[in-house]
Every structure is written in C-alpha cells, then in structure tokens.
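Structure first, then comments.
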Amino acid sequence: MMASNKLASFRLPPLPTIGEIIKLYNLRAQKQLSQNFLLDMRLTDKIVRHAGNLRNAHVCEVGPGPGGLTRSILSAGAADLLVVEKDTRFIPGLKLLTEAAPGRMRIVHGDILTYRMDRGFPTHVTRKWEDEPPNLHIIGNLPFNVSTPLIIKWLENMANRDGPFTFGRTQLTLTFQKEVAERLTASTGSRQRSRLSVMAQYLCTVTNCFTIPGRAFVPKPKVDVGVVHFTPLPQPQIQQPFKLVEKLVRNVFQFRRKRCHRGIEMLFPEARRLELTEAMMGKADVDPSLRPTHLSIGDFRALADAYARLCAENPGLIAYEFREELRQKRAGKGLREEEEEEEEEEGRY
C-alpha cells in the first residue's frame, strides 16, 4: 500500500551520485547475474512510496547493487536497513552509505536464496500473524534470473510462516519482468493467468503497482519492469500444505490449453487414473471442462481439499509423479516430439 505521507525528512549528507559511484569503482553490470542498474532517484523513491511508510521501519533490501534504491530507503526514514549483496564489487560503495547513515545500515555479503533472514532482525519486531503486518519490509530490484525462484521460495516460507515470515505478515515490494508481474496479478480467465497467479494469490494480496520502462535501466534490458507489492493474507485461501497445492497447480497448468481434467488425471497412476480423477472431480464439484486459466482460487481450494482427502485414503499417492511413471514406461522410446515440447512449455511458472 502506498504511504499517504511524503518521504520522511531524513536527509543523507552529500554523496557521489550513483553514476559517479559506478565510474569511481568501475562497476559494470554483469550479464550472467542479470544485473540492471536503476539510476533515476525519482523512480527509486516511487518504489519506496509503494512499499508503505518506512519511517522507523526495519527493511531488508535484496541486491542493492550501486545503492540507488538503498538511498531512497534511508531517505524514507528506515531505522534499520539490512542489505544482502552477492557481488563483492558493490561493497565499497555501499560502505559509503553506512558511513553516511551511522547505525542505520548493515551489509551482508551473501546469496539471498540461502540467507537466513529469520536471524536478521530483532525478535521484538514480531507480530502475531492475525495482527497487522510488522514494521518490517522486504524491498528489491531483483535480477531477472533470480526473481521467480525467489518469490516461490518466499511464498513457501509464507505458507509455513518461517524465514522472513517468522516475524508475521512481512510485506514485500519487488521488481519483476513486466510479463512476470502481469502473471503474478492476473485475474481468473485472463490470458496471463498461470501457476504463479494462483500460488501468489491464494497466499497474498498482490498489487501490480506500476511499470518502469526498460530505458530507465543501465544497461537497458529488452523488457519493461513491473513493481509488485505483496501483503500476506491473515488466512490463506487454500488450507492445505504448500507442497500439495504446488503439485496440484503445477499439474493443472501443465496442459493449460486443454480442459482442466487433463492435468488432474496426471496426479494419479495410470492403473487408477480414470477412477481417481472422477472421484476427485466429484468431491470438488468443479466443472471438468473448464480450462486452467478459468479456474478460480475457490475452484483450486475445492480441488486441493478433494486431492488431500484422496491422498489420506490412498497412502503413497502424494508421492506419485507421472513423469517418473512416463520415463519408466517409455524406456528409451521417447515421447512424440510435439508432446515433449508442449510439456516443456506448459511446465513453466
């Protein structure tokens, strides 16, 4: 949610511009790390405004790079900013900011995919899950190659209430490729509806805040960038384990251009496929002719509940993976090429 007030009055002392920092330390974006620098402070300030009121807040910034967004977070009045940076080339420039904001910024050299954020902040920040979100925010201009795996990891943390969500319903404000941002927020029936839409929306209120044109970044990426805000829901809309929901949604969207029963069939061993699919669709009372993109969160909730009951009645069913059965069955013959291509395409988030 965008804060109604302007940025807090804390002002950093005179510092080299971000462009000067890049030149001073000879920083070049590395293509293999999907790095793109955002130098326009008006845009970094706008990202921060959409994160909410950061006055006296605890904040974790993911991949600060040369520190443009970092400056906006500090200028918004954050009391405790933890930055996690994998690339050591940026550390000297970030240390300038720690000196400019003494006692308010910490630097961790590490990989956000493995960093234990539950150890990064004091326990007094914690709020009960049902209460308002804690005064703790995660903000980041994410590299494209890490954005989807990272949000899936955090969604699982959210479902399990661990990692950054040990402290309560921690809010996130993150950048994604525009197409990914659209998938995260896509409504039922829309062309962009995907696995990612369902996994995010059953756990969060997700808002596509605004789009940043690619030309605003250095180097300029081939795509525009969307800024997305996540607020975890007090209660998830599907009350089943994350792994079960993820498996169900993955199978359904495996064949997104077909009717939903086609993907649901793949949850079951071939010998009992028709029987169990019919039982699941009956228990869920979901129209089997609907395409995956037209299934609502309520439909997925009913399907997940029905699948969970079948798994309870059939020990070992939850561990079944149709791809493994397929590999054993074909025994070196291989699928028809067009089937293989379809599975690869539809298996993405």
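Keep in mind that glycine also has a Cβ here, set from the backbone N, Cα and C atoms.
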Candidate from GLY19, GLY63, GLY67, GLY163 that TrEMBL assigns to the same S-adenosyl-L-methionine site as ASN36, LEU38, GLU85, ASP111, ASN141: GLY63
Other CB atoms within 10 A, centred on GLU85 (S-adenosyl-L-methionine binding site): 23
Reduced DSSP assignment, ASN141 (S-adenosyl-L-methionine binding site): coil
Binding-site residues: ASN36, ASN141 - member with fewest neighbouring CB atoms within 10 Å: ASN36
LEU38 (S-adenosyl-L-methionine binding site): secondary structure state under DSSP, collapsed to three categories: strand
Maximal Cα-Cα distance (Å) across residues annotated as binding S-adenosyl-L-methionine, namely ASN36, LEU38, GLY63, GLU85, ASP111, ASN141: 20
